[in-house]
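Written below as structure tokens is the structure these notes are about.
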């Protein structure tokens, strides 16, 4: 109450911000006549003038009024569109690194040009981020003439683009692309072995279109670059036969083998279920008699079993995925679009493939990953636009430090939002939906029907076909026609069934989108110019009459077939109607069989229903029910926010490590001379090894000199008799031994460098270091994943899982760095070179150097080899056979995950075991 009183007296934070922005709008408007008086050449010259003023020390804020006035006038001349005052406010909000909430049809694409133009003047690049390739190409194509007129270049990043083209696109002043492409390019740039292969510049300023979709809806989905891992494909097929033999529990405490928790999207095996599963697996021969699924040796079986259960119980065809060209393609739960190239992790995708009987592809190993939260926080300045951000304003502020500013509409909204109608069953609900559509169609009112899944959209389509109503279906299966269908959804009597928010980003114009139709005529090569002009003229004459008919019929009518988990998605659907002051209406139809009501509002809602007890086919409209449903949505939003926040808290740990790794990697890539760094690494590696067997401040009796000598020989090819040093000099200590060993290694290394040439050795060192970092980082990511999956169990020991995760991750990262340094030092000091005359080596081009000892690899060949090959050759100079058969013959037992006996430091399965 006190808050409301304060708002009435002082105004809300949003009101105060708008008041400040309106003062700047007045300054921009005052410059309009001056800009209109300029010739095209003079207006274009303003860009060079602004750049010079910035170079002279002026700030972007200082030139904002003039820059916005120039952009507005250029837009009027080039595009025929003049920015409204509210659009100027939106541009300033974006420039200030905030989120502009603007209703559908208010011209967000045009708003972005103001902030993009101003920030592009700094010469550091601006990224405009959209949700798909079509919108990126479309928006860039529409706005490129404006930017070109103002002397700025535009690039577009789309999937399947070659690296050279990507470099050119990123080098442009303004770059359009999708969130996925920008994120993956960042990861790929941090995997290159040559700095000139990088495509991105610094991450300076980003304007994110549909910011809620990208920063909220996709925040739980990390970007992952992966490679194939060792995997048993047959096990997925075998496990796929197990779930049908297990009994699903009706309730959490009921009888059965497993409980499906739809809220948490998890499957939980009961005690009975474990026993039953063990019996089945024992009969199949996968589990030994009296063995347990919980034993360490059977972790893989448990992993595959749970993946199979989740695939059968939680993931459904045409809702969570579709089968396309013999492949499982994920459906985006928020937009209904197909996510080609995306795969579920942890064996789930393979389990779904086994369930559907399609080809099972190997599970992947993570090579690099980042969440959208952490990627977009890398930008110096971030801003965004959407029609619905206010419900998630707290999340934007707390996670991204982005304030949301609600921009007033240019014209008052005239859409009528009717109360929800609630039915007992889904059947009754869909009958009412068809009846409403039929009535709208009779009076010529266009209808957009929103569904939450492909399955429901096809159900509505079948009902409409049965009723004889012509319609278009827009779901993930119709992605190619998406924009065209949405553009014509405002025609007289049009009926469009859309999955979730598919088609978002394309305006629905009452009477139909004339531009799409005229573009289609102009592109028709079968028509002559005269025929094209005649058809376009006829089209333009007929459009106004159709537009007026739709206006009279009540504008676009929105029908929601169920409430979404988030109020924001509902608002997005409603927002498709009533653009720029047009009339429109919306209504949601619900049933007690809908997932939201069934899972989150069932008990109290059912009690209300029983009291009201309507007849079949009669809808309930009641404030109590509406509040109950909104309460359920808030619960789900809160739960989803907590999940995203938890993902971020855990990823923040990995993110700090990622920054260190990528920073070190970048330093190696860009440094001309890494000799000092290499010397430090060799010194540290030797010191650590000596400290292991001669601990500081320990007694001589505690030293293990024979093992130290063996390790030095194996790791660094140093044949030293340290025991004789100790006998010869009683005063010698660990530090003296370190200094002697380091001196020996440095002398030998200097001799090798002299033989092959400094540049060849530097290139070799750089390549070895990068590959060592990449391989060890990949192993570290896998270890972090395993740690993350099991860390929740620490809570049973009264420990905080997050604190435990941070502590263990820090220890693992220290081990990672030590491992990388030791690995590099060991490999580089083990390479031996033939004692050929230096002059002979120097006379030859680097690529032709063949002066390599017969037992050791050629450095130039090593530069092109994989890390496994590098290590294998360098650590096996005498050609010892480390195959499983040879080891067995020598009586050595080496398991796949044991260190390779060659001394490489890699696991056996990744070294000589892999080669075998």
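Note that the numbers count up from 1, one per residue, in the order the chain is shown.
Yeah, the Cβs are placed from backbone N, Cα and C, and that goes for glycine too.
For the ATP site that Swiss-Prot gives as 105, 106, 107, 108, 109, 507, the extra residue drawn from 87, 488 is 87.
Taking the mean position of the Cβ atoms of 87, 105, 106, 107, 108, 109, 507 as the ATP site, the remaining residues of that chain whose Cβ falls within 8 Å of it are 102, 104, 110, 111. Reported as a whole number, the C-alpha separation between residue 87 (ATP binding site) and residue 900 (Zn(2+) binding site) equals 64 Å. Take the CB of residue 902 (Zn(2+) binding site) and look out to 10 A: across all protein chains shown you find 20 other CB atoms. Note: the CA-CA distance between residue 105 (ATP binding site) and residue 900 (Zn(2+) binding site) rounds to 63 Å. Comparing the binding-site residues 87, 109 by how many other C-beta atoms lie within 10 angstroms of each C-beta, the top residue is 87. The ATP-binding residues named in the record, 87, 105, 106, 107, 108, 109, 507, extend over a maximum Cα to Cα distance of 17 Å. The two recorded residues residue 109 (ATP binding site) and residue 902 (Zn(2+) binding site) have their Cα atoms spaced 60 Å from each other.
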